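Visitor: One structure, pasted below without further comment.
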Amino acid sequence: MEIQRPRGTRDFLFKEMKERKSVETTMRRIFETYGYSEIKTPIFEELSLFTTKSGEGIKDQIYHFQDKGGRDLALRPELTAPVARMYIKELQKTPKPVKMYYFGSCFRYERPQKGRWRQFWQFGCELIGGKSPGSEAEVISMAAHCLEELGLKNFDIHIGNLGILRNILIDANILGKLQDQVMGIIDKGDIEELEKLLQDIDLDSDSKELLMKLIVMKGDSSIIKDVESLINCNEHACNALSELEKLLESLKAFGFSNYVVNLGIARGLDYYTGTVFEIYVHGLGAQKQISGGGTYNLIELFGGENVESTGFAFGFDRVMDALNKQEKSIEIERSVKVFVAPIKNDLKLKAFDIAQKLRKNGIPTDVDLVGKKLKKILSFADSMGINYVVLVGARDIEEGNVTVKDMTSGEQEIIDLEDIIDTLKSKLMI
Ligand code: HAM
């Protein structure tokens, strides 16, 4: 009986894991440069953490189960709600702002396709207790910095403010769950479905026209003036627009101006309150959104203090897809640099002894465990990109030596066993 991998999951083999590790290391380095520290939360949480305020879209996708004690639990579909829960319990007294980052897998019961998985990874951050618009500008600049550092090209950062659309809907008396439903359809980008819903709920024609115009407004900062003239009779929407304007000013100070103002961003999660942003990469097809985030108020909703919070998460798998699609070569470190090869089987114990000495002195080393012929060992070492093969031969050992073969030049050198560690360390610059 062949047991299949669950639908929407993947196995990652050696090269792919090394590439993922390399990208993860770069992301960590950049996030830490901005003062973020890593945290970890459980992979499963109480179901209600995600059903309270994450939105209908997410609820349908939750992997939900009961444990043996009858508790309703869920595999996390994202990490903002868990971080908000943790913040309330553990960090409310910590000096603000609290800057946290995380890397972990998330689970959503989606229809799997390229770039859309049932288990996927998010690399993200939450900045709690900062002040807008500075915090938002810093977070967006960090996202851009990270992608630049990874060498990703052709990405667009779209920035909007949910307060504009939501206040237009409030003005038209579209509130609560219905408002979230409208926002959810705008997020999906399904204009037909949106028109049908607006017709069903009998939205007045002026509000409908305004909404339909706003959601397609995209451009540089100059569109702010056009939006202003469209919404000027709605005070709250105008306040949201001026928040957006201030954010763009702060972004300029952070040296980032390569954004698209996009009033159609609605986000699929219901907890956002103001600034929102999404990053798209050309050429990734339907799953081109590699990141999303914004400002939210989950902490107060979960019973904590009223504190400004903002954050975002990279869809790590989509970042990997984008780098691969752009054929960006990802630097991977070959871990093993030395291979110890006994020339005859009766020298294998001596080879084990030498290999272990090298390892204990910090030299990544492999040793022949299966009695391969020397020719096979050399071609294996070559294919694995190993730098040096230590040949353990009877005559050399009698004289207290080994032979070191440089796999790049092909040259061989006899080295005193006493000096092997220092010699290899200096050759490998360890
Ligand atoms: P999200 O937009 O739902 O936001 O997810 C963040 C990113 O995860 C998406 O932009 C996408 O790249 C990736 N993603 C989502 N679903 C899948 C999937 N099924 N397969 C592969 N990748 C996927 C959040 O989750 C928020 N918690 C982000 C945030 C942090 N907001 C504030 N702080």
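Residue positions begin at 1 at the first shown residue.
A Cβ is built for glycine as well, from the same backbone N, Cα and C atoms used for every other residue.
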Visitor: Determine which of Arg71, Arg108, Arg111 appears in TrEMBL for the same L-histidine site as Glu78, Leu79, Thr80, Gln122, Glu126, Arg267, Tyr271, Tyr272.
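Guide: Among the candidates, TrEMBL records only Arg108 at this L-histidine site.
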Visitor: When the number of other CB atoms within 10 A of each residue's CB is tallied over all shown chains, which of the binding-site residues Gln122, Arg267, Tyr272 has the maximum?
Guide: Tyr272
Visitor: Restricting to the same chain and to sequence separations of six or more, state which residues have a Cβ under 8 Å from that of Thr80 (L-histidine binding site).
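Guide: Once residues fewer than 6 apart are set aside, Thr80 (L-histidine binding site) is near Gly124, Glu126, Leu269, Tyr271, Tyr296, Leu298, Gly311, Ala313.
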Visitor: Near ligand 1, which of the binding-site residues Glu78, Arg267, Tyr272 are found, taking a Cβ distance under 6 A to any of its atoms?
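Guide: From Glu78, Arg267, Tyr272, counting a Cβ under 6 Å from ligand 1 as near, the near ones are Glu78.
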